[in-house]
Amino acid sequence: MKSPRRTTLCLMFIVIYSSKAALNWNYESTIHPLSLHEHEPAGEEALRQKRAVATKSPTAEEYTVNIEISFENASFLDPIKAYLNSLSFPIHGNNTDQITDILSINVTTVCRPAGNEIWCSCETGYGWPRERCLHNLICQERDVFLPGHHCSCLKELPPNGPFCLLQEDVTLNMRVRLNVGFQEDLMNTSSALYRSYKTDLETAFRKGYGILPGFKGVTVTGFKSGSVVVTYEVKTTPPSLELIHKANEQVVQSLNQTYKMDYNSFQAVTINESNFFVTPEIIFEGDTVSLVCEKEVLSSNVSWRYEEQQLEIQNSSRFSIYTALFNNMTSVSKLTIHNITPGDAGEYVCKLILDIFEYECKKKIDVMPIQILANEEMKVMCDNNPVSLNCCSQGNVNWSKVEWKQEGKINIPGTPETDIDSSCSRYTLKADGTQCPSGSSGTTVIYTCEFISAYGARGSANIKVTFISVANLTITPDPISVSEGQNFSIKCISDVSNYDEVYWNTSAGIKIYQRFYTTRRYLDGAESVLTVKTSTREWNGTYHCIFRYKNSYSIATKDVIVHPLPLKLNIMVDPLEATVSCSGSHHIKCCIEEDGDYKVTFHTGSSSLPAAKEVNKKQVCYKHNFNASSVSWCSKTVDVCCHFTNAANNSVWSPSMKLNLVPGENITCQDPVIGVGEPGKVIQKLCRFSNVPSSPESPIGGTITYKCVGSQWEEKRNDCISAPINSLLQMAKALIKSPSQDEMLPTYLKDLSISIDKAEHEISSSPGSLGAIINILDLLSTVPTQVNSEMMTHVLSTVNVILGKPVLNTWKVLQQQWTNQSSQLLHSVERFSQALQSGDSPPLSFSQTNVQMSSMVIKSSHPETYQQRFVFPYFDLWGNVVIDKSYLENLQSDSSIVTMAFPTLQAILAQDIQENNFAESLVMTTTVSHNTTMPFRISMTFKNNSPSGGETKCVFWNFRLANNTGGWDSSGCYVEEGDGDNVTCICDHLTSFSILMSPDSPDPSSLLGILLDIISYVGVGFSILSLAACLVVEAVVWKSVTKNRTSYMRHTCIVNIAASLLVANTWFIVVAAIQDNRYILCKTACVAATFFIHFFYLSVFFWMLTLGLMLFYRLVFILHETSRSTQKAIAFCLGYGCPLAISVITLGATQPREVYTRKNVCWLNWEDTKALLAFAIPALIIVVVNITITIVVITKILRPSIGDKPCKQEKSSLFQISKSIGVLTPLLGLTWGFGLTTVFPGTNLVFHIIFAILNVFQGLFILLFGCLWDLKVQEALLNKFSLSRWSSQHSKSTSLGSSTPVFSMSSPISRRFNNLFGKTGTYNVSTPEATSSSLENSSSASSLLN
């Protein structure tokens, strides 16, 4: 056995030998280490060149030499390691050629026997390469191995030699303290002091830390105060604690002692140099997450910190920390977070402390939310068809299983199918009638799919499934057998309230038009009722009531039998009216278009007359020769009707035939077709039974009017309808009663357009044919819910013909009898345009001589501005329409905007307007397919070919005016600008627009219009300020001027007059400003403004009446006394109660019909309801009463009193008359009497100006004459503002002679008041009480007039 000393000497010998040999070796040669053992590592490069520095001096190179030493006795290992650690480096060597230094000697690998195996373990800072750390080779008892990482112990010698490798480089962030004073130059990297410190310290650091295995370098990074704290970085492999202490000692020894380095202040921090593992890699909400921190150091001082909240983590119900030491060389700490939430996301720090070392490792984790996608609601039919509920998760989650649960009143299980790879699960339901018992239809069951991950995360979604039973339909049980013209209904009841669609079909599969049936949904079922008000033969057949839910159909069937019976309107009688000689007879007949099995009789009164049947091709007539002699007396009118009875014993009466029995000598006109008549007699006959040529195959329609003139019948009016148009009219009447009218409509519109185009000449000379076409369009416009481009083209082609210039004269004749035909036509065209749906085809554009149309379809939420221009060169007219895109954004997608322009329609619509009101311009109508409640604004520009005279108005055609016959209305429209030839209108709604001239209204831009505006605004403004000042003055002097009952009531009236007029004027000026500035005021706000203006102006008048009655009472009933509270109650009831009652009644009587306000201004309506009378009549009555009171007062003042000289009396009387008029006129509202002059048309504009001036300045008059002219008010104001001396002198002077108060008992005027109504002289009162009473009464009169 060799001694340790000998072994150590041998090792030193080998080291020195190797060093000397290395000096003579070629750099490119491979050098194998010497060994005391025969083993040499094969294929391993034993000598590695580490560094070569090229300089001008001899090159210094560094080598790493691996030496293997084998011992027969393992006890030699520790002494050798101790010896090597005791060496001081570098060890200098000498050679004749070069100097060789040994910088460090480190033990890397130690192999020892362990049973039958050899375990080779790595020293600190070294480890086996990853590729050698196989699971079956590592030392399980001593090593904790994580796949993909270094291991520290192997069971056998590696094939390439037993050498552990240096581990990856780490950067040690270190600091040490120098116990010297800190200088500011150390903060400046360019200062000499900084460079000196840095150089000296780095030199010492390199000498000291050079002994560390894998040392690469050291850098001083800065200095901090606190003595001097040096921060620096050391780049090396992970060192052992023993080595780092040894290196620190060498640093202190190498550094100049003047730096006073404190050995105990060394600290080292490594960041993210530890192994940090997070499981799972992708974290989802609810997972159990493990964070493992591993470092090959022996320390159990490990802590965890949550950086987001600077929170030190401790063991709890959600967090658990486990720390352990493995292999006596590795510290492992594990943080487990249970049921992680998004609030736990952030950066986590694992901190391990060992001596001077702090090892920090940081990891930021994100918590992903779990999103389970599923249909929120589903409806499932209980028809045994499979329905799948699907749930899928978003994100790459490692799901382990999916569970389905259900909760509800009924239990309907399904079959789950889960595809973990696609993160989806399907639950298939197959519900049948047994699982959905009666009454359970509509029951809701909640199905929950819950996804569970391998790490504990759970995500779920609820699917609300409503189970629908197959509908059981119950249809009207009674047989339906009706006759033509009668109504019938079929009721179809479902015991299920859930359905997607309900419709009715004929047996041929034709859908019944939806206008014929209504469907209602109830809690426990549904009901659909097919109602036919006028049955025809087309309704004869079988009908199916169909409830559809998804692909399930429930059908109920009902047969309908319709027996032939002519409709009353289709029975043609002749004559409509006739004259019959009392001794003669007359042929009467009733005709129908289709034959049938009918029993027909004629009836007059209680008598029944037989009928003879006559068939003439398609026309079937029943005739009777009426004998006038059968009537008991002559000069009588007899009504005769036909009575049709069919096989079902249902009957119908024809229109009545009126026979006028007259003596034969009165008859002068005779005609075999028209009949007989007396002079001046006017009768109507159906055109087909008149002298107008007609054929049974193509009968004409309409009526013709004859008048007996002399001995001849003259044609007075011809309203006959040509045969082709009459045929179209009859077809239209039948179409709207047909069950398949929507399918027949396109073909009919095409035939109508072709026929009207061919019959243009006949229409231009036949008012009856023109009226028939209008009736046809009106009937058909109620049919469609959707109109395509082709149908709209046919409609406009028809309209183009009947609006042509050749037909305009026919319109005049037509509207002499039917005034609403033009409005009816316009309404029909608007209804067609509102139903226009272009679908996928381009928007329709139509242009003809008399009508043009443009349209646009809203396809997106950001449409373009709607701009259309229409030009009619033949009429020299044009117009533009603009709707800003901001208003179009409020419309539904696929909405259609349609604008049509008509150059001749205004002349037709305006025939009831005065000629000088007519402005020659287009009529443009704009409609939207879907109604909108959002604010709307349309701008239109018209060319006006009648620019002269009056104010231009923007108007629209209001179909509800004039008992729904229509009329021009300006509500919601105003003129934005106009230069005479062109007018731009702005409106807040859609319909048909045009412009009119208003000759009676001054042009707002004229001098007169501007003058009236200035007077109104300035006057009302002054009035408001004056009234406010009046109220302020009254408030200031109130206590001083209301010391007796009369003064109190006088000032109470004045205050309420001023307050009511102030509020009324404020409302007035606000509304006027809004309308003058063309702001759109909503109808509700306009109604409210009108109500308050009405109420407060009426209050002004009634308080004026109260003041007048108070004056009359105090002057007439001098000795009558009434308490203040009674007078006050009566005054307020009269002043506010009466106006409120009148205003509320007016509003309640007119607003339900929307005729409370005017069309273009917020004030009481006049044209439709005469609501203005609710203001005018009370106001005029009050003015008359106050005028009467004024006359009485002035008359009594003028009456002479005893003892006055005539000249003095005359002067005093004139003064009192002037003062009374000046006070009473503004106070009692006499100026409103001028309003009578403005009511009548054609009134001189001077009266308008006078009326405006007097009334708008009424507030100023009340302030001056009703308030400030009162002596008591003046005295109170003077006293209030401390002018006591002047007031005292004034009082003294006014107490003498002529300054005696004019209404004191001693004054002549007071005596005159006492002599009212024939009483003369004065009262001689002997008691103090009576004197006091007389004084109060006298002062009462004074306070009323002053």
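From the backbone N, Cα and C atoms, a Cβ is placed for every residue, glycine too.
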Membrane side match, VAL1087 / LEU1172, Swiss-Prot record: yes
Selected residue, Swiss-Prot feature N-linked glycosylation site, from candidates ASN106, ASN339: ASN106
Candidate annotated in Swiss-Prot as N-linked glycosylation site, out of ASN666, ASN1186: ASN666
Rounded to the nearest Å - Cα separation of ASN963 (N-linked glycosylation site) and ASN931 (N-linked glycosylation site): 24
Most crowded position, judged by CB atoms within 10 A, among ASN256, ASN315, ASN666 as glycosylation sites: ASN666
DSSP-derived helix, strand and coil totals, residue by residue, for the domain 'SEA' (166-273): 42 helix, 34 strand, 32 coil
For ASN256 (N-linked glycosylation site), the one of ASN272, ASN666, ASN820 that lies nearest, given that the glycosylation sites are compared by Cα: ASN272
Per-state residue totals over the topological domain 'Extracellular' (1150-1173) - DSSP helix, strand, coil: 5 helix, 2 strand, 17 coil
Residue among glycosylation sites ASN272, ASN315, ASN505, ASN931, ASN982 with Cα closest to the Cα of ASN487 (N-linked glycosylation site): ASN505
Outside the transmembrane segment (1129-1149), six or more residues from its ends: residues with CB under 8 Å to it: 1049, 1052-1053, 1056, 1060, 1087, 1091, 1094-1096, 1098-1099, 1101-1103, 1105-1106, 1110, 1156, 1164, 1169, 1171, 1174, 1178
Under 8 Å by Cβ from ASN106 (N-linked glycosylation site), counting only residues of that chain that are 6 or more apart: LEU84, GLU123, GLY125, PRO213
DSSP state at ASN963 (N-linked glycosylation site), helix/strand/coil: helix
Rounded Cα separation (Å) that holds between ASN666 (N-linked glycosylation site) and ASN505 (N-linked glycosylation site): 62
